[in-house]
Amino acid sequence: MAQPHFLLVTFPAQGHVNPSLRFARRLIKTTGARVTFATCLSVIHRSMIPNHNNVENLSFLTFSDGFDDGVISNTDDVQNRLVHFERNGDKALSDFIEANQNGDSPVSCLIYTILPNWVPKVARRFHLPSVHLWIQPAFAFDIYYNYSTGNNSVFEFPNLPSLEIRDLPSFLSPSNTNKAAQAVYQELMDFLKEESNPKILVNTFDSLEPEFLTAIPNIEMVAVGPLLPAEIFTGSESGKDLSRDHQSSSYTLWLDSKTESSVIYVSFGTMVELSKKQIEELARALIEGGRPFLWVITDKLNREAKIEGEEETEIEKIAGFRHELEEVGMIVSWCSQIEVLRHRAIGCFLTHCGWSSSLESLVLGVPVVAFPMWSDQPANAKLLEEIWKTGVRVRENSEGLVERGEIMRCLEAVMEAKSVELRENAEKWKRLATEAGREGGSSDKNVEAFVKSLF
């Protein structure tokens, strides 16, 4: 069989780029395939693809989405970006496929993440197979798929646990105002229903979601995760994907000075902004709780999910509390999350439950306080608290605010009352995740079988 050539297309956001690149590397390493990674110029300009230039069989195809600096200011910008993303992406992919048709390595298959749902149309024009790379858990896919069938009046879906409204991905919630995002997911599900033998690649592992990977009878889900840096499965600290030494010395030295499992790590990722009221409640909870913490707070304005009417950065929002906060813990604008989570001093991860962060908590065996914000995060929080039992989830008040007392309750539960149970469960998932993700593990085998099934 000739060397397969995959054209992998992803949206230019860090949460899409990272797992997609890691899948590309797994695909190359396990099968010897060639991968062309296609995305927008902003990914290159914002240095979102470090340390991949020397990967054999991996090349890049970039095109403009009209926002090459990556700065998105308002809702209109988002819509304009998506229009240019599709128009320019369609042309770039088509030109690339045509240029390689008669060469040594013609494109064999297109792989795409959520948002470039136009990729299958390109594949069909050239009579090529296309496969979706789902970068959220299988559980979230099951919810979206069942919802798309019109079975959404009561949240009781076949082969899934009972769901409350608070467990749904935010784009399916009755209070959702982002109809464009909901339409994107509906479009993907509708396309998959048209396929004769639909197959999707999922950033999960077999032992983590066995029932959810088989919950939809007519769709084959292939577990290819956890899509995290390879070094995380070996315990190596040499990989450049794990740390930036020149930036990490201050917080690593601070962590080194703390006792084992005593520090709360707080991070809400790069996409979502906390309201001023919410950040004040969180700050007060950390101050009054008195436990050492490491809190990542960005000083950037260009969040994907910005709070309307609030112009301050998050770091500006805590200005009035900063002195009190720094008497108890440490505030940084960036850290290597994996480096932090694997540190012996970390006892708890207060997380927004983004899927990459959720996987990292599992692979590194760290219990969590689940503080979901949007997208798939509420579903992920349900998994962490109720299914895998590695964390405690916060509850909002009637106004949608998580009060300081509730935050303190959850932190104390994870650090004290339920710490033994949660840590035992976390260690179990750490072992299973490492077995799946290491070289030659179940996910490597699944990737090999996937490629063989295509050709």
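Every residue, even glycine, has its Cβ placed from backbone N, Cα and C.
Keep in mind that this is a model prediction, so the values were computed, not measured.
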*Same UDP-alpha-D-glucose site as H352, W355, S357, E360, D376, Q377 according to Swiss-Prot: which of Q278, Q337?*
Q337
*Show which residues of the chain containing S357 (UDP-alpha-D-glucose binding site), separated from it by at least 6 in sequence, have their CB under 8 Å from its CB.*
S267, G269, Q337, F349, T351
*Could you list the residues of the same chain, at least six apart in sequence, whose Cβ is under 8 A from the Cβ of D376 (UDP-alpha-D-glucose binding site)?*
Q136, P137, A140, P169, W355
*Compute the C-alpha separation of E360 (UDP-alpha-D-glucose binding site) from H16 (anthocyanidin binding site), stating it in Å without decimals.*
15
*Would you find the one among the binding-site residues Q337, Q377 whose Cβ has the most company, meaning other Cβ atoms within 10 Å?*
Q377
*Specify the secondary structure state of H352 (UDP-alpha-D-glucose binding site) as given by DSSP, simplified to three classes.*
coil
